[in-house]
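*Asks:* Quick one: this structure, given as structure tokens, is what I'll be asking you about.
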Amino acid sequence: MTTAIYRILDASFNRIGEGFRTLEDYARFALNDALLAESAKGLRHDLATAASQLPRRELLAARDTPGDVGTDLQTSGEQTRAAPASVAVAAATRCQQALRSAEEYAKCISPNVAVQLEKIRYQTYTLAAAIETLPDRCNRLADRNLYALINGADGKDSFLKNLRSLAEGGVDIFQLRDKQLSDRELFEYGSAAMTALRQMPGQRPLLIINDRADIAIACQADGVHVGQDELPLASVRKMMPPASLIGVSTHSYAQAETAVLGGADYIGCGPTFPSQTKTFDEFPGLDFLKQIAASISLPAFAIGGINQENLNQVLQTGIRRIAVTAALQSAAAPQQAAAALKQSLSKAQ
Ligand SMILES: Cc1ncc(COP(=O)(O)OP(=O)(O)O)c(N)n1
Ligand SMILES: Cc1nc(C(=O)O)sc1CCOP(=O)(O)O
Ligand SMILES: [Mg+2]
């Protein structure tokens, strides 16, 4: 029986490794996403580490490909795939199934290896979901690049006037970010903003509510933005209607990685420069933006002190989206300031 166990484990390790390689190729060459490709590669290495704890000689000795009664067993669906995305989904499913099989049989000879395989299996579920959903997450914000954080400090009429004027200027995502308004006021400003946005012709701008999933749900906003101190992404996802957008603030590559793998629809990346709106002790700055641009294909908005004067430095990092407050709020002519930012962003596309 031990030979049979090693034979199953040998076949499973091969299937899992091949599956990870297939996922890595899809992330790398079809999605152009270095982070997800690295993730698949990391799991392949974790698998090799787990496998190396079993005697390789026994694994190879148990291999008997010519004597395998299953090599001719195939379903008709295995020979055709609609698109590379279907290849990746099938590879992920195969990895997960083979991991479960390996984990169960490894329990007979090495509970420690079984535990490692279980961990890899859970990480594979997360990676598979991130890879499968990435194209849709990218498409939803594909042509949106100017994101304005707005508040209600001057009252509701002024808030709505500003919203309409900035939308005319080219803002395509708004965030209601106001730490002073009461819950009732946030709800009323958010609902009024949604009514105004729904009346706009063509592809209307989106409304995101800062910090508060409950307010976003109540006023039927397009989504919510959460920082590192608010509710975790997974909890917010469970609360929000299925089509909602969820954005996450990130201040380091590790936080961005967690947000991408966790299913965020976009990330905010900053602070880039000192800001008139919020005080910071640390500035991941332009180097962080370069890292994000090189590795992450999920929509990423640079944030923090960005204005028309320093926008080129942001664009030189490869980042093509920005989120701003003061650049519009403190401008003498906010609509024109938005239009100027929009034009610079469009030129860089
Ligand atoms: C687009 C975008 N990016 C980052 C933030 C900052 O969120 P957070 O760190 O939670 O800080 P507050 O905005 O809540 O003060 C954001 N709001 N939007
Ligand atoms: C709210 C906020 N969050 C940031 C982050 O880096 O997470 S920077 C920032 C302030 C954005 O406004 P302004 O364009 O005026 O600097
Ligand atoms: Mg917040």
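Note that the numbers count up from 1, one per residue, in the order the chain is shown.
Using N, Cα and C of the backbone, Cβ positions are placed for all residues, glycine too.
Any TrEMBL annotation is an automated prediction that lacks curation.
Not measured: the values here are computed from a predicted model.
Pulled from TrEMBL, these are the listed features:
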{"type": "DOMAIN", "residues": "7-129", "note": "domain 'ThiD2'"}
{"type": "DOMAIN", "residues": "146-328", "note": "domain 'Thiamine phosphate synthase/TenI'"}
{"type": "BINDING", "residues": "Gln175, Leu176, Arg177, Asp178, Lys179, Asn210, Ser249, Lys278", "note": "4-amino-2-methyl-5-(diphosphooxymethyl)pyrimidine binding site"}
{"type": "BINDING", "residues": "Asp211, Glu230", "note": "Mg(2+) binding site"}
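Situate these features within the shown structure.
*Replies:* Sorting each residue of the domain 'ThiD2' (7-129) by its DSSP state yields 95 helix, 0 strand, 28 coil.
A mean pLDDT of 98 is what the model gives for the domain 'Thiamine phosphate synthase/TenI' (146-328).
Taking a C-beta cut-off of under 8 angstroms and a sequence separation of 6 or more, Asp178 (4-amino-2-methyl-5-(diphosphooxymethyl)pyrimidine binding site) has the following same-chain neighbours: Asn151, Gly152, Ala153, Leu186, Tyr189, Asn210.
Listed in sequence order, Arg177, Val224, His225, Val226, Gly227, Glu230 are the same-chain residues six or more apart from Asp211 (Mg(2+) binding site) with CB atoms under 8 A from its CB.
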*Asks:* Tell me which residues of the chain lie with their Cβ under 8 angstroms from that of Gln175 (4-amino-2-methyl-5-(diphosphooxymethyl)pyrimidine binding site), as long as they are six or more apart in sequence?
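*Replies:* Same-chain residues close to Gln175 (4-amino-2-methyl-5-(diphosphooxymethyl)pyrimidine binding site) (Cβ under 8 Å, separated by 6 or more) are Tyr147, Ala148, Leu149, Ile150, Leu207, Ile208, Ile209, Asn210, His225, Ala323.
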*Asks:* Consider only the binding-site residues Leu176, Asp178, Lys179, Asp211, Ser249: which of them have a Cβ under 6 Å from an atom of ligand 1? Write none if no residue does.
*Replies:* Asp211, Ser249
*Asks:* Would you mind sorting out which binding-site residues among Gln175, Asp178, Asp211, Glu230, Lys278 put a C-beta under 6 angstroms from ligand 3?
*Replies:* Asp211, Glu230
*Asks:* What does DSSP assign Gln175 (4-amino-2-methyl-5-(diphosphooxymethyl)pyrimidine binding site), in three states?
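*Replies:* The residue in question, Gln175 (4-amino-2-methyl-5-(diphosphooxymethyl)pyrimidine binding site), is strand (DSSP, three-state).
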*Asks:* Test of understanding: give the count of other CB atoms lying within 10 angstroms of the CB of Leu176 (4-amino-2-methyl-5-(diphosphooxymethyl)pyrimidine binding site).
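*Replies:* Result for Leu176 (4-amino-2-methyl-5-(diphosphooxymethyl)pyrimidine binding site): 26 neighbouring Cβ atoms inside 10 Å.
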*Asks:* Please state whether DSSP places Ser249 (4-amino-2-methyl-5-(diphosphooxymethyl)pyrimidine binding site) in a helix, a strand or coil.
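*Replies:* It is in a strand.
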*Asks:* Of the residues named as 4-amino-2-methyl-5-(diphosphooxymethyl)pyrimidine binders, Gln175, Leu176, Arg177, Asp178, Lys179, Asn210, Ser249, Lys278, how far apart in Å are the Cα atoms of the most distant pair?
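*Replies:* Per the listed residues, the maximum Cα distance equals 16 Å.
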